[in-house]
Every structure is written in C-alpha cells, then in structure tokens.
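Q: TrEMBL lists 1-94 with the feature region 'Disordered'. For 51-63, the entry in TrEMBL reads compositional bias 'Low complexity'. What TrEMBL records for 64-73 is compositional bias 'Basic and acidic residues'. Summarising the annotation, TrEMBL assigns domain 'DUF6594' to 257-344. Per TrEMBL, the feature transmembrane segment maps to 277-299, 305-324, 329-348.
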Amino acid sequence: MTPSLTLGRVPGPEGQSDQDQHQDNSYQVQPDIAPVRAQDLPPADTFGGIARRAMAPRSASPRSLEDSVEGRPRNNAARRAGAHGTGNHAETEDDDLDRLLVEHQREDIFHLQTSVGPLRSFVRSIGFYTRNLKRDIKPQVTMRLSLAALNRMRMRRLQVKLANRIMRMHYLEEVPEDWQILLEQYISATRDNDYIRTCVDRGLHDPFLIRGERMVDATILKDELRKIPPDKWEEYPFLQSEDGEKKFNFVPPLEKKPTAIGGTRTVMMRKQWTEDFLKRIVLSVVGGAFLVVPMWLMIKLNSQSASLITTTVFVFVSGIAAAYALDNAIAVISTTAAYAAVLVVFVGTNSSPTPS
C-alpha cells in the first residue's frame with residue numbers, strides 16, 4: 001500500500017499578511033505514515049541491519065518527493081536543519097558499516113603464521129629434547145598484510161552502499177544524489193581488482209603484499225607494531241628475549257639486500273627475459289621429446305600393436321599438456337590433432353611391408 005501524501009503550507013510568523021504568506025513558496029510534505037523509531041530498527045552488526053537502518057526516513061533526503069513537488073523549494077532554515085540531520089545519519093551508517101567490514105575482513109587483511117626451523121621441527125617431532133632445549137625453541141613469525149584484501153573490502157563497502165541506494169529508489173521513490181559517484185567508484189574498484197589479480201604471479205615482488213620476508217617490509221612492520229599498545233599484541237609470539245631485551249622474532253628475510261617495491265625496471269626486465277628464455281628452452285626440449293621418444297619406441301619394439309599403444313598414450317599425454325599450457329580450446333584441439341597426425345603417419349610408414 002503506497003502512503004498518501006498531503007501537501008501543507010508552512011505557517012508564517014505572527015503578523016505576516018496572507019499576501020506575504022502567499023508569496024512565501026514554502027511547502028512541506030506530510031506523509032500519512034507513522035515515524036520509524038530508533039528502537040524498532042534492527043541491530044547494526046549485520047549487513048541487513050545496516051541496510052534497514054539506512055531505510056529509515058531522513059529529515060532531508062536528497063531529491064526526495066519533498067523537493068519534486070511542483071518544483072517549489074523548501075525554506076532555507078528547514079533545508080539547513082535537514083542537511084545537518086542527514087549528515088549525522090550518514091556518519092552513523094558509515095561507522096556501523098566500517099566496524100562490520102573490519103570484523104569480517106580482519107583475517108583477510110592481516111595474516112600471521114608461526115613456524116620453527118627444520119632442525120628444531122625435527123627435534124621436536126622425535127621428542128628427544130631437554131627442558132632447556134624446549135625452552136629454546138621459539139616459533140618464528142611470518143606476518144603478511146594484504147593490500148588486495150583492502151581493495152576487496154572497498155568493493156564490499158561500495159556494494160552495500162549501492163544496495164542501499166537501490167532500495168531507497170525502489171521503496172521510497174528517491175533518487176540519491178551520490179549513486180553515480182558510488183557506481184563509478186565500484187567500477188573502478190572492480191577494474192583495480194582485475195589488475196591486482198595479474199600481480200599474484202610475481203611471488204616475492206608482489207606489490208600488494210606487505211610481508212615480513214622482505215627486508216624493508218619487515219622494518220616497516222616492526223616500526224608500526226611499536227606504535228600499537230603492547231597489551232594489544234603481547235599474546236602473539238612477536239617477541240623473544242635476548243640478553244634481557246625483547247626483540248621481534250620475525251622469519252629471516254628471503255632477500256640478500258633491500259629491494260624496491262616490485263623491483264626496479266632493469267632488474268625486473270632482466271629477470272623476465274631470463275625466465276622467458278628458460279621457459280622456451282624447456283618447451284623445446286619437451287616438444288622434441290614428445291616426437292623423438294615415441295619414434296624410438298616404435299622402431300625398437302617393431303610391432304604394429306606396440307606402435308598403436310605408444311601412439312595412443314603419447315597423444316593423450318600431449319593433449320593433457322596442451323590443455324594445461326594453452327587457454328584457447330581451439331588451440332588445444334588443433335595442437336593435439338596435429339601431433340596425432342604426425343604419429344599416425346609414422347606408424348603407417350613404419351608398419352608398411354618392406355620390399356624383398
């Protein structure tokens with residue numbers, strides 16, 4: 001049932017004539033619905049609670065029905081008061097959403113793993129260690145902060161806000177002024193997420209991971225940990241005591257010297273060229289082996305059934321390898337068919353009767 005709307009003129013101050021009141025084009029909308037009370041709203045610790053809390057009528061919703069009635073503006077005092085109430089409501093909504101996102105994404109953006117060295121792990125597994133040795137075994141800490149998870153957190157935040165704007169459009173017949181900005185931000189975050197996924201193969205040089213295995217990153221993590229109150233992280237195995245002094249027990253860095261974020265252009269280009277060259281060598285060796293090995297087997301076995309079995313096995317193996325290495329289905333079929341044709345021709349040539 002759609003609530004009926006009653007238009008009423010805002011009464012002017014005492015002593016104002018009817019003509020002056022007529023010239024004051026100030027109107028207000030009086031909806032025939034009961035106001036939503038704060039205690040009737042669901043708790044703000046769920047996504048649904050935040051969306052429903054945002055659905056509560058605001059004192060001055062952007063571009064609502066109040067502003068669209070015959071194009072008549074509201075008076076300035078009411079507009080300022082409504083804007084102030086809207087800002088407070090928006091800040092409360094953002095605070096609730098931020099707390100919920102942090103609670104749900106904290107394991108994704110902050111990763112902590114403890115480990116011990118291989119020798120200590122072996123000694124611990126067989127159980128032959130004394131009390132002093134047991135006391136000496138201190139797990140080393142691997143800490144990683146994910147900037148990619150922060151982008152996913154941004155996407156979730158924008159998604160919740162866009163869902164709220166769509167609900168308000170549908171049920172309250174409003175057109176919020178910020179929906180286009182939110183949509184552009186969401187599209188940009190999605191595009192950024194696609195690029196972030198392409199950097200996952202960089203390994204240690206992934207620019208979207210702050211990890212303790214890198215020298216500079218480890219220094220940054222230690223400095224930032226010192227800014228946190230100790231009672232917040234003392235339960236974690238960050239510290240070890242050496243000569244009465246507490247130090248962070250991070251894993252040793254995997255780098256021999258400090259490097260730039262993502263590596264310098266010269267180093268990365270040289271590394272990329274070396275990796276591509278080695279990959280081409282491996283592919284040439286494997287491709288040659290797929291042709292030479294079955295031919296040698298057919299000649300040595302010198303049997304038609306053995307040749308057919310060898311051809312079948314190598315065609316299947318080459319098809320699986322092509323499916324793993326190639327992304328295009330047509331390319332996989334073409335490569336497998338061409339390889340099978342070469343082996344079939346060799347089988348026919350090898351099994352043909354030789355002239356006496």
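Cβ coordinates come from backbone N, Cα and C, glycine included.
Are these features on the surface or tucked inside, and what touches them?
A: Taking H, G and I as helix, E and B as strand and the rest as coil, DSSP gives the domain 'DUF6594' (257-344) the counts 75 helix, 0 strand, 13 coil.
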Q: Any idea what the model's mean pLDDT is for the domain 'DUF6594' (257-344)?
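A: That stretch averages a pLDDT of 89.
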